[in-house]
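Trainee: Summarising the annotation, TrEMBL assigns domain 'Major facilitator superfamily (MFS) profile' to 54-476. Marked as transmembrane segment by TrEMBL: 55-73, 93-113, 151-168, 180-202, 208-231, 291-315, 354-372, 384-410, 422-442, 448-468.
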Amino acid sequence: MSMRGRHLDAYSMYKRGTREHGFDAFDKEQGPERLLNGVGKDIGVPSWKRSLRHVLVATLSSFLYGYHLGVVNETLESISRDLGFHGNTMAEGLVVSTCLGGAFVGSLFSGLIADGVGRRRALQLCALPMIIGASMSATAKSLWAMLLGRLFVGTGMGIGPAVAALYVTEVSPAYVRGTYGSFTQIATGLGLMGSLFIGFPAKAIEGWWRICFWAPVAPAAILALFMEFSVESPHWLFKRGRAADAEAEFEKLLGGPYVKSAMAELSKSDRGDEADTFKFSELLYGHHRKVVFIGSTLFALQQLSGINAVFYFSSTVFETAGVPSESANMCVGIANLLGSFVAMILMDRLGRKVLLIGSFSGMVVAMFLQITSATSLVSRSSGVYLSVGGMLLSVLTFAIGAGPVPSILLSEMFPGRVRANAVSVCMAFHWIVNFFVGLLFLRLLEQIGPLVLNSIFGAFCLLAVLFIKKNVLETKGKSLQEIEIALLPSE
């Protein structure tokens with residue numbers, strides 16, 4: 001018998017025993033007080049420090065994601081002049097959105113890659129197209145060369161955030177899973193800030209924009225190297241029939257006293273003998289379709305809030321309002337980071353659903369300020385203050401909930417057997433909407449004006465509040481297996 005078979009047989013017996021003799025009584029005694037992958041309060045909680053370094057390495061992919069989102073903000077004008085398409089808003093939109101089109105392709109395959117080679121190897125693989133694409137963009141001599149480089153970068157961006165969300169969810173203890181998940185948003189904010197800092201000299205120094213594209217090659221290489229020394233997801237290992245390896249990784253992540261109960265909890269749902277029975281049709285027509293619908297809608301509403309129009313084109317918008325882009329964009333970066341830190345503090349205290357509702361509600365207020373600034377009700381100088389203030393409030397409130405929560409929530413809500421592929425399908429909706437926002441924002445701003453455009457964004461934010469109240473499940477403090485059981489369809 002193969003080693004895989006022996007692991008499965010042993011854990012099948014272990015699973016039956018724990019179900020028949022241990023878990024029923026344990027559930028009755030502890031009820032909702034159970035936590036941390038099946039670990040009870042009688043032995044306390046595992047140290048958060050064990051898993052922290054692995055989470056921090058994985059969030060480098062989010063740093064790169066944020067950097068490549070923001071790198072064209074300060075440099076787009078210089079790029080368009082050097083490559084000969086200055087004044088062509090469609091070409092400028094393509095420089096932004098081609099990257100997002102590549103991300104859509106990458107996200108579609110991210111689940112297959114993450115399930116095929118593991119979370120750790122998938123994060124290493126996402127760094128490769130980022131290195132190649134950034135190098136191609138940095139040396140581009142034409143618009144088409146720039147677009148090809150952005151396409152390569154985009155494929156890595158599509159793989160990285162989806163796999164990082166899975167990895168962080170699966171290696172984190174339940175009581176800090178939301179906090180650790182918010183690290184990805186902080187890393188994205190740091191990436192955006194980094195791209196703004198590096199991009200400031202672009203308008204004054206000829207060819208500086210090429211330095212801006214060379215810069216992310218180093219962190220991408222560090223991600224690929226350091227993931228070699230990080231743990232693999234025990235959930236993925238167990239699903240692949242490698243129970244002994246999963247146990248060893250749990251020991252690194254949680255500590256010896258917590259391994260047995262963590263493995264017992266894992267064995268209740270993530271059965272290795274079912275790993276190869278997944279079909280994509282389950283996500284569209286099976287009992288997972290409701291969660292797929294919730295996740296896809298959340299990601300679509302996240303992008304239709306108009307937030308990435310701020311990140312991509314804030315320089316253009318601020319200059320139109322007569323505000324120096326350098327100082328204004330720095331305020332955008334600070335607002336994003338501040339909101340991300342607030343999310344980190346509150347994620348495991350208030351819960352995911354509360355943060356989502358509060359975040360989108362705040363964005364409704366922010367859009368109202370921007371709508372008011374575009375009317376004749378206020379003076380020109382007051383309109384500038386309202387526009388900039390609304391934009392900063394939008395970024396702040398987005399970073400508190402609408403930014404970090406959807407990817408955390410979706411990674412928690414799907415069972416391990418379908419988690420990677422289900423998240424990739426939902427993320428695909430994120431990138432589709434993101435692509436069209438990036439492509440069409442400047443053109444729509446020209447055609448229909450800020451008043452109508454911000455009204456549309458505000459309406460989607462209000463729709464998001466109503467949708468979340470009705471459809472989203474709170475997952476704060478629950479183990480992944482408890483969440484799975486809560487979402488099982490009633491017979």
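Here the Cβ of each residue, glycine as well, is placed from N, Cα and C on the backbone.
Unlike curated entries, TrEMBL annotations are predicted automatically.
As the structure is a computational prediction, the values presented were derived from the model and not from experiment.
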Trainee: Examine the transmembrane segment (422-442) against the transmembrane segment (208-231) and state whether at least 3 Cβ pairs sit under 8 A, considering only residue pairs 6 or more apart.
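Mentor: When sequence-distant Cβ pairs are counted, the transmembrane segment (208-231) does not touch the transmembrane segment (422-442), since fewer than 3 lie under 8 Å.
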Trainee: Against which stretches of its own chain does the transmembrane segment (448-468) lie, if we need a Cβ under 8 Å and a gap of at least six residues from its ends?
Mentor: 297-298, 301-302, 304-306, 309, 353, 356-357, 360-361, 363-364, 367-368, 370-371, 373-375, 387, 402, 441
Trainee: Quickly jot the same-chain residues contacting the transmembrane segment (93-113) by Cβ under 8 Å, restricted to those at least six beyond its ends, or write none.
Mentor: 68, 72, 76, 79-80, 122, 125-126, 129, 133, 143, 146-147, 150-159, 162-163, 312-313, 420-425, 427-428, 430-432, 434-436, 438-443
Trainee: Does the transmembrane segment (354-372) come close to the transmembrane segment (208-231), meaning at least 3 CB pairs under 8 Å for residues 6 or more apart?
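Mentor: No, the transmembrane segment (208-231) and the transmembrane segment (354-372) are not in contact.
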Trainee: So which residues does the transmembrane segment (291-315) touch in its own chain, when a touch means Cβ under 8 Å and the partner is 6 or more beyond its ends?
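Mentor: For the transmembrane segment (291-315), the nonlocal Cβ contacts are 69-70, 72-74, 76-77, 96, 192, 283-284, 325, 328-329, 332, 356, 360, 363, 367, 391, 394-395, 398, 402-403, 406, 409-410, 413-414, 422-423, 425-427, 429-430, 432-434, 437-438, 441-442, 453-454, 456-457, 460-461, 463-464, 467-468, 471-472, 487.
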Trainee: Count the CB pairs under 8 A between the transmembrane segment (180-202) and each of 55-73, 151-168, 384-410, then give me the winner.
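Mentor: Most contacts with the transmembrane segment (180-202): 55-73.
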Trainee: Please give the sequence-distant neighbours of the transmembrane segment (55-73): residues at least 6 beyond its ends with Cβ less than 8 Å from one of its Cβ atoms.
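Mentor: Residues packing against the transmembrane segment (55-73) from afar: 79, 95-96, 99, 123, 126-127, 130, 134, 153-154, 156-157, 160-161, 163-164, 167-168, 171-172, 180, 183-192, 194-196, 198-199, 212-213, 215-216, 219-220, 222-223, 226-227, 230, 308, 311-315, 329.
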Trainee: Over the domain 'Major facilitator superfamily (MFS) profile' (54-476), what is the model's average pLDDT?
Mentor: 85
